[in-house]
Structure formats: structure tokens, C-alpha cells
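What TrEMBL records for this protein:
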- 1-18: signal peptide (SIGNAL)
- 48-163: domain 'DOMON' (DOMAIN)
- 168-359: domain 'Cytochrome b561' (DOMAIN)
- HIS204, HIS237, HIS269, HIS305: heme b binding site (BINDING)
- 209-226: transmembrane segment (TRANSMEM)
- 238-258: transmembrane segment (TRANSMEM)
- 270-289: transmembrane segment (TRANSMEM)
- 301-325: transmembrane segment (TRANSMEM)
- 331-351: transmembrane segment (TRANSMEM)
Amino acid sequence: MKVFALWLLLLVVQEVNSQDSCTSNLNLKNKPLFDISSFHCVSVWNEQGYILRYLQTDREVWSFVISAPNSNSFIGMGFSKDGKMVGSSAIVGWVSNDGSSTMKRYFLGGESSAEVVPDQGNLQLVNMTSSIIAQNSTIYMAFQLNTQLTPTNRLIYSLGPMGRLPSPVNYQLSQHRAHISTFLDYNSGESKSKSPYGNLRRSHGVLNMLSWGILIPIGVMVARYFRQYDPIWFYSHTTIQSLAFLLGFVGIVCGFLLEDRLSAHVDKHKALGIFILVLACLQVIAFLVRPGKESKVRKYWNWYHYTLGRVLIILAAANIFYGIHLGGAGTAWNVGFAVTLVAFFSISVVLEIRLWMTK
């Protein structure tokens, strides 16, 4: 067991050391075609591990190196006049499984993939200095821009879907799975993120996680393990579940607004959310028409109520993790929610054993 734990620790340390950071020495086997030793370095997207190195290397030349974990996806860096993707120009690159690499300019003319046009835009690359490589689970994209003025401070970064690299036939990009809009001060190296509709995103995520992922399981545990405190358990159960339903309903409405404003393609996430809301509505209806304790159909109602509630919890947990993935919220949200579920499960096991021992 100790050997396994030591092996696991070594794997974790190796993985951490392989990730790029501004404090690590950039020792690339295939070095960029320009010197990057004195570049400014800034972490521009912590959730996805994006690191930007940059410098004005000539009177009309700005040089950039963007790095990110290699997840078999394309990475992109856009230059925008207003912080929005539409109307901006971008550099996008990827490394295929066979080791071949591609980097292209794109003009982001609209929100659909068909309106993202390759080999277009107002970025002028310095000839024969662009390169993209994958090393130690990290992808590095280096390029130089010809520009008489300082590049725009409004920078956009995107991350493509896993395993769906652009085809060499038309180089059309698939819908990205995450993106962020930032403001970079080239002099100080300070980068500030500005996620589109950030407050609405947070409201959608926090409300749904709190309601379906936390309050609903707590309400179920109250009804399962504290029936000896009658009627306190009943009023506590109904109050917690009613609050969870109201918060969850508002969270789903926030999701609809977010989908409309971002024109996001989240059909599976949306369908699961609607199905969970339907299950919750059925639970409310079941509560209103529940038969009396002496009724012959009460046990069937109990089975229905228990089963529906547990299915709702399982689907809600899965959809919350899926939503964290779609929103590119990062590892901290996944770990935090996972720890919460493990805590609920552990408490339930202890209370279940106690319940069986008292029977």
C-alpha cells in the first residue's frame, strides 16, 4: 500500500512539474524562431492553465508565446477592439496525435462556425517565425505580429473541444468548449479576466449547485434519518425542499437567459436541466396529492416519492459536473462539489448503520 501511495505521489509531482508556469524554466527542444529569454510572462487564464509570454522585439514587431495544457484540442488567442469575439481576429493552433502541427489566422465574423473564416483578419504575421509544438503535456504556440501600434489590450483566449481538431480540408473550427475575455496592460504585465455575463454565469452555477446538488440531498437525509423527531422532521423536510425548488427554478431561468445571450450550444445540459425540473415539479404535485397514512396506496406513493427523489439527485449531480465542464470553471469547482458529495455519502452511511441498529 505504501509503495502504491509513493508511486501515485510521484505521478502527481511529475504531472505538476510538467505544467508550464512563469516560474518554470522554458527549456523547449524545438525552440521558437526568435529569442524569448527576456519576455514578460503572465498567467492569463488560471482555470485552463494558459500562460502568455510577450515582448516588443522590434520597432514594429510584437512577439508572443502562448502555452496551455495539451488536451487534444485547439487553442486560440484573439485580438479584439471591444473584448467581444465577433469582429476580432485570432491566431489558432493545434497539434495532432501524429505529431503534425498547424497554426492559422482566423476572422471571427459571427457566432457560428461557418462565420469563423480561416486565413482572414487584420493580423499580419512575420513570415517564417511562427511555430507550434507539444512538449511535456503542454502545447506552445509562438508567433510575431507586424504592427505600427501597440496591439489591442483586449485579448480573448479559447479552448476547443477534445478530440475535434479542424479538418485539413477546410480548417473549419468547431464550437469552443471554453473561452475568456481579458484586458492586458503590456507595461505592467497585469491581466484581468472579463468573462462574458460573469454574474449571470455565477448565479446559474451557484443557484443550481446549492439547490439541486446540496439542499435536495440534505432534505432527503432529514426525511430518511430523523423521523423520530416528529413532526419537526416533516416541516424541516418540506421547508428545505421548497427552498431548493425555488432556488433551482431561478437557477434554470438564469441558464435559459445565459444560453440566449451567449448563443451557446448546450443541448444535452439544457435537456437534463429541463428533465430535472420536470421531476421536481412531479415531486411537488405528489406532495400536494399524497394519500393519508392509513390509505392502502400510501406505500406505493412512498416508493414513487423515494425513487423519483433519488433519480433527481443522481441526474442533478451529473448535470452539475457537466455544467462545470461546459463553463470551463476549472478544477476547484469540480473538487469542491465532489468533496461535498463524498461528505454527504459518508454521513449517510453512518446514519444508515445507526438506523439499522436501532430497528
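Cβ coordinates are placed from backbone N, Cα and C, and glycine is handled just like the others.
Note that the structure is a prediction, hence the values are computed from the model and not measured.
Sequence-distant neighbours of HIS269 (heme b binding site): residues of the same chain at least 6 apart with a C-beta under 8 Å from its C-beta are ASN319, TYR322, GLY323, LEU326.
Minimal Cβ crowding within 10 Å, among the binding-site residues HIS204, HIS237, HIS305, is found at HIS305. If you take every residue in the domain 'DOMON' (48-163) and average the pLDDT, you get 90. Under 8 Å from some Cβ of the transmembrane segment (209-226) lie the Cβ atoms of residues 232-234, 236-237, 240-241, 243-248, 251, 276, 309-310, 312-313, 316-317, 319-320, 337, 340-341, 344, 347-348, 351-352, 354-355, all in the same chain and six or more residues away from its ends. Residues HIS204, HIS237, HIS269, HIS305, recorded as contacting heme b, have a largest CA-CA distance of 28 Å. In the domain 'DOMON' (48-163), helix, strand and coil residues by DSSP number 4 helix, 63 strand, 49 coil.
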